[in-house]
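What Swiss-Prot lists as FAD binding site is Glu35, Arg36, Tyr37, Asp38, Gln39, Val40, Gly41, Gly42, Gly43, Cys44.
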Amino acid sequence: MQHSHFDAIVIGSGPGGEGAAMGLVKQGKRVAVIERYDQVGGGCTHWGTIPSKALRHAVSRIIEFNQNPLYSDQSRLINSSFSQILRQASTVISQQTKMRQGFYERNHCTMYSGEAAFIDDHRISVRYPDGTCDILSADNFIIATGSRPYCPPDVDFSHSRIYNSDTILDLEHEPRHVIIYGAGVIGCEYASIFRGLRVKVDLINTRDHLLSFLDQEMSDALSYHFWNNGIVIRHNEEYDTIEGVDDGVIVHLKSGKKVKADCLLYANGRTGNTDTLGLENVGIKTDSRGQVAVNAHYQTSCEHIYAVGDVIGYPSLASAAYDQGRIAALALTTGTSETHLIEDIPTGIYTIPEISSVGKTEQQLTAMKIPYEVGRSQFKHLARAQIAGMNVGSLKILFHRETKQILGIHCFGERAAEIIHIGQAIMEQKGEGNTIEYFVNTTFNYPTMAEAYRVAALNGLNRLF
């Protein structure tokens with residue numbers, strides 16, 4: 001049994017853990033990173049963001065090819081299965097893992113591949129797969145253990161046709177019909193992927209409309225696009241029982257309806273990976289979903305233990321987790337941090353087409369009684385979109401009628417998650433630098449998707465009187 005002491009120990013090597021570890025070593029700290037699996041990267045790299053987005057990219061390219069008259073008129077349609085595309089996506093995972101492993105090696109982080117659990121305030125055990133154990137100690141700790149799909153106890157996830165958003169990546173059979181329970185971000189993204197592969201999709205939503213945190217217009221656009229592509233959305237429904245049968249799954253809904261399909265993807269919530277950490281030994285409590293409460297500097301109730309990423313809940317974004325880790329590292333080393341997450345964090349939803357937003361929605365601005373105006377552009381009117389055959393989509397800019405300050409930007413369409421950053425950069429400018437007039441006073445490359453900003457700005461400014 002090995003006993004080692006470090007300035008700081010980071011538990012987890014996903015985006016939050018990586019940001020924390022890199023921030024600490026840059027401050028000259030001796031750092032250990034404990035990862036429960038044999039490869040770094042966390043759920044983001046191996047089961048979440050990277051594989052699902054690689055899948056989505058492949059499916060969207062197949063759709064693009066099949067809808068292009070140059071190819072479809074010649075009966076050259078591509079028909080690829082979920083498992084075939086997933087095998088191709090695995091190459092991206094290996095590239096990401098190798099790159100991130102290099103970060104830790106070059107920065108001289110000491111790596112441990114095992115299960116971490118607190119013994120007391122300054123000691124932690126690392127249990128390895130072979131049953132052996134090391135005891136490590138540190139002055140400070142950063143918990144970045146991430147989250148996993150919430151699996152209710154009354155659903156039999158051992159059944160061969162019932163999956164969660166992690167195990168769906170092990171899908172080997174080719175379903176013709178899938179039920180997705182939960183119409184949040186993950187559910188909607190997988191609905192797009194399966195429908196893009198011509199699989200029938202029943203999307204069961206426990207709420208009254210899709211992705212209620214979005215601007216209503218974006219939510220409605222996604223709902224219409226799903227409907228137009230044959231996805232059946234069942235709003236305001238909850239399961240009574242989920243029954244696995246020999247040839248598939250039957251979902252018995254509380255409304256009395258029944259839905260049957262070849263398989264089911266349960267995608268209704270996530271829970272923090274805290275149950276095996278021994279947090280009771282250091283006096284840290286979690287909520288019903290295993291999440292840890294922190295202050296503005298990401299300190300837990302135990303002042304030398306910090307937590308970042310999905311394990312603390314909102315916003316549960318890989319991009320935010322990395323920044324949280326970096327900020328926590330700075331607070332840990334200096335005692336405080338002047339750096340905070342930006343107020344308006346962009347969200348990217350990788351449905352087909354994408355959705356991305358930053359800032360306020362129309363609903364929020366109306367409730368706040370802020371006098372705003374709207375500028376819109378339709379992708380179908382942009383030369384670049386016409387050239388690329390990506391006519392579905394729109395950009396909406398919300399701005400203050402009097403000051404012209406940009407208050408929110410909402411985009412639906414191909415490359416939305418990239419396009420949003422142009423507007424975000426202007427929104428983050430101080431004082432008079434944040435103005436919608438920037439887009440009419442600046443010359444953009446032509447033809448580009450960035451032209452959407454100029455069109456939307458002119459549209460909005462023309463509404464003023």
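Cβ from N, Cα, C; glycine included.
According to DSSP, Gly43 (FAD binding site) sits within a helical segment. Cβ environment of Glu35 (FAD binding site): Gly12, Ser13, Gly17, Gly42, Met111, Tyr112, Ser113 lie under 8 Å away, each six or more residues apart in the same chain. For Gly43 (FAD binding site), the same-chain residues lying six or more positions away in sequence with a CB closer than 8 A to its CB are Gly14, Gly146, Ser147, Arg148, Asp166, Asp310.
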